[in-house]
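Here is what TrEMBL records for this protein:
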- 8-64: domain 'Alcohol dehydrogenase-like N-terminal' (DOMAIN)
- 142-273: domain 'Alcohol dehydrogenase-like C-terminal' (DOMAIN)
Amino acid sequence: MLNLLMKFCRIVESVGEGVTEFEEGDHVLTLFTGECMKCKSCASGKSNICQVLGLERQGLMHSDKKTRFSIKGKPIYHYCAVSSFSDYTVVHSGCAVKISLSAPLEKICLLSCGVAAGLGAAWKVANITEGSTVVIFGLGTVGLSVAQGAKMRGASQIIGVDTNPEKSERAKAFGVTDFLNPNDHDQPIQQVINRITDGGADYAFECVGDTGIVTTALQSCCSGWGLTVTLGVPKEKPEIAAHYGLFLTGRTLTGSLFGGWRPKSDIPSLVDMYLRKEIEIDDYITHNLAFEDINKAFDLMREGKCLRCVIHI
């Protein structure tokens, strides 16, 4: 195990028995999903869904299903096995990734989730090809990271769909060529997309967390080879409903967790790309706030006035 200082980006304070890959003073990213390097999934090289260190939703340690924190005898749970809102935390070594000491922790922390998830969905999951058409539903950090990835792959048209008109100009900076607000159109938005893409986009990405949008994204893809990637986590109604004809005509629907990246195998290369200024991270950070102002950060998020707000402890 590791005892770590800071937030999603942390500094190793001490290491537990049997840990040899980290030492005091190392800079690491802590991640909500790990990589044991040994299970069937990790050994296959085909998936990042580790069978040992996968998404932990009970707030417990992967190793013994217990907590490491308590107050007056009552357990304090580890949110997503990371406990990012604490000065000190304990995480499984498989959920920590050593990074370059020169990487700014207050920027690289975005690679623990949002930016990495979007780039991976564009590159690893969809494998966007040059000259293709792309439609993205939801222009938060994840959606705009998909846009950045699509632009870097040479997509000819990147359509961003969002009900917040204030996101139009910002989206263009990340590669969006066409902005659509569904509230501005009399037709269903999938019909608008099919019209302006001559039959549907090559790739569609659902970055909202709404299963109804998943169906809309499928309907926005072209027949024959259209691919829809869903990244959002729905708050309700997790079931997806879609007409079977969408699949009979060649459309594909796939999911994406953390952009398909394997934490230990892949994330260090993303950090290096940032250091070489090959990928953008800084512009996703619209606010920096102290921990005592965290409620303001939630308000900014609900009001659609921020992309990523970095909380400093």
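Each Cβ is built from the backbone N, Cα and C atoms, and glycine gets one as well.
Any TrEMBL annotation is an automated prediction that lacks curation.
Counting residues per DSSP class in helix, strand and coil order gives 56 helix, 22 strand, 54 coil for the domain 'Alcohol dehydrogenase-like C-terminal' (142-273).
Across the domain 'Alcohol dehydrogenase-like N-terminal' (8-64), DSSP helix (H, G, I), strand (E, B) and coil residues number 5 helix, 11 strand, 41 coil.
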